[in-house]
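S.K.: Can you read through this structure? Questions will come right after.
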Amino acid sequence: MTEFIFLVLSPNQEVQRVCFVIFLFLYTAIVLGNFLIVLTVMTSRSLGSPMYFFLSYLSFMEICYSSATAPKLISDLLAERKVISWWGCMAQLFFLHFFGGTEIFLLTVMAYDHYVAICKPLSYTTIMNWQVCTVLVGIAWVGGFMHSFAQILLIFHLLFCGPNVINHYFCDLVPLLKLACSDTFLIGLLIVANGGTLSVISFGVLLASYMVILLHLRTWSSEGWCKALSTCGSHFAVVILFFGPCVFNSLRPSTTLPIDKMVAVFYTVITAILNPVIYSLRNAEMRKAMKRLWIRTLRLNEK
């Protein structure tokens with residue numbers, strides 16, 4: 001097996017051209033929107049807290065995560081043959097799970113940061129010092145790498161000697177398992193256990209952290225409630241949008257479903273574009289910092 005053929009979103013050529021314009025616009029918005037958040041955090045002194053440090057890494061992860069699939073999809077929508085080499089498929093699969101796994105760990109780290117900020121405010125700067133923040137980000141990277149490496153290692157044990165048509169627009173685990181001509185039962189269980197355990201346990205830890213935060217907020221005033229919920233609301237919205245499809249994929253049956261491609265579009269493209277929208281619209285400090293960055297840029301252009 002030297003290559004795989006993708007079945008993109010629609011066989012209709014006109015629909016593919018429309019999808020090309022839509023996904024090109026969405027991917028451009030993902031890169032520009034998330035890069036704007038990274039640039040704003042890096043250049044704004046008012047956004048020097050660990051929360052924004054983690055947010056800048058999350059935005060960078062969103063760019064990388066969507067870049068694992070979106071550019072190939074966009075180019076395939078105009079190509080006659082939607083093909084990818086075997087090694088290209090493995091690389092796409094690795095980076096998709098590497099960046100996706102890293103993002104899951106990073107979202108969990110951000111939940112811990114919110115927990116410390118709300119439940120232990122007096123010790124926040126001591127607990128969440130820059131050395132700890134750097135280590136936590138490093139753990140997220142290592143965790144994502146180990147998750148992806150395990151998935152790829154399992155795929156390498158499969159034999160592909162028959163059909164090479166993938167009923168998807170990128171290399172994903174379930175479609176590849178269906179093409180294997182060797183026994184996939186045990187490997188399939190290990191793949192589901194690896195990805196499912198990461199998604200479900202991380203989501204459970206996130207929910208538990210927010211339950212503890214809500215219990216802690218019972219003694220706060222209404223003003224404190226509003227401030228705390230404003231701090232956590234954006235992160236919780238991103239968590240729900242990201243983990244919803246992940247949990248669905250982990251708990252769904254192994255059969256191919258008609259909505260699989262739409263769900264994949266949601267967790268590879270839509271969530272990445274919603275991240276800058278959610279954080280810029282709900283966070284007053286971020287909006288002010290972006291405004292100051294825009295004013296500084298205009299002044300530099302005038303000079």
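Indices start at 1 and increase along the chain as displayed.
Note that Cβ sites are derived from N, Cα and C of the backbone, with glycine treated the same way.
Copied straight from Swiss-Prot:
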DISULFID  Cys89-Cys181  disulfide bond
TOPO_DOM  1-17  topological domain 'Extracellular'
TOPO_DOM  42-49  topological domain 'Cytoplasmic'
TOPO_DOM  72-92  topological domain 'Extracellular'
TOPO_DOM  113-131  topological domain 'Cytoplasmic'
TOPO_DOM  151-187  topological domain 'Extracellular'
TOPO_DOM  212-227  topological domain 'Cytoplasmic'
TOPO_DOM  251-261  topological domain 'Extracellular'
TOPO_DOM  282-303  topological domain 'Cytoplasmic'
TRANSMEM  18-41  transmembrane segment
TRANSMEM  50-71  transmembrane segment
TRANSMEM  93-112  transmembrane segment
TRANSMEM  132-150  transmembrane segment
TRANSMEM  188-211  transmembrane segment
TRANSMEM  228-250  transmembrane segment
TRANSMEM  262-281  transmembrane segment
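Mind mapping these onto the model and telling me what they sit next to?
M.R.: Within 10 Å of the C-beta of Cys181 (disulfide bond) we count 12 further C-beta atoms, all protein chains included.
Per-residue confidence over the topological domain 'Extracellular' (1-17) averages 83 (mean pLDDT, predicted model).
Taking Cβ pairs closer than 8 Å, the topological domain 'Cytoplasmic' (42-49) reaches residues 56, 285-286, 288-289, 292-293 in its own chain, all 6 or more past its ends.
Packing against the topological domain 'Extracellular' (72-92) from elsewhere in the chain are residues 1-9, 16-17, 19-20, 23-24, 27, 152, 155-156, 160, 169-171, 176: each is 6 or more residues past its ends and has a CB under 8 Å from a CB in it.
Non-local neighbours of the topological domain 'Cytoplasmic' (113-131) in the same chain are 50-51, 54, 209, 212-213, 216-217, 228, 231-232, 235; each lies 6+ residues outside the stretch with a CB under 8 Å from one of its CB atoms.
Long-range contacts of the topological domain 'Extracellular' (151-187) within its own chain (CB-CB distance under 8 A, at least 6 residues past either end) are made by residues 1, 3-9, 68-69, 72-73, 76, 82, 84, 86, 89-90, 92-94, 96-97, 194-195, 254, 256, 260-261, 264, 268.
Residues 36-37, 39-41, 43-44, 46-47, 52, 230, 233-234, 237 of the same chain lie 6 or more positions beyond the ends of the topological domain 'Cytoplasmic' (282-303) yet place their CB under 8 Å from a CB of it.
Long-range contacts of the transmembrane segment (18-41) within the same chain: residues 8-10, 47, 52-53, 55-56, 59-60, 62-63, 66-67, 70-71, 73-74, 77-78, 269-270, 272-273, 275-277, 279-280, 286, 289-290, 293, each at least 6 residues beyond the stretch ends and with a Cβ under 8 Å from a Cβ of the stretch.
Using a Cβ-Cβ cut-off under 8 Å and counting only residues 6 or more beyond its ends in the same chain, the transmembrane segment (93-112) has close neighbours at 51, 54-55, 57-58, 61-62, 64-65, 68-69, 136-137, 139-141, 143-149, 151-152, 155, 170-173, 176, 195, 198-199, 202, 205-206, 209-210, 235, 238-239, 242-243, 246, 268.
Counting residues 6+ beyond its ends, the transmembrane segment (132-150) has Cβ neighbours under 8 Å at 50, 53-54, 57, 94-106, 109, 112, 194-195, 198 in the same chain.
Within the chain, the transmembrane segment (262-281) has long-range Cβ neighbours (under 8 A, six or more residues past its boundaries) at 9, 23, 26-27, 29-30, 33-34, 36-37, 55, 58-59, 62-63, 65-66, 68-70, 96, 168-170, 172, 234, 237-238, 241-242, 245-246, 248-249, 287, 290.
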S.K.: Determine the Cβ neighbour count for Cys89 (disulfide bond): the number of other Cβ atoms within 10 Å of its Cβ.
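M.R.: I count 23 other Cβ atoms within 10 Å of it.
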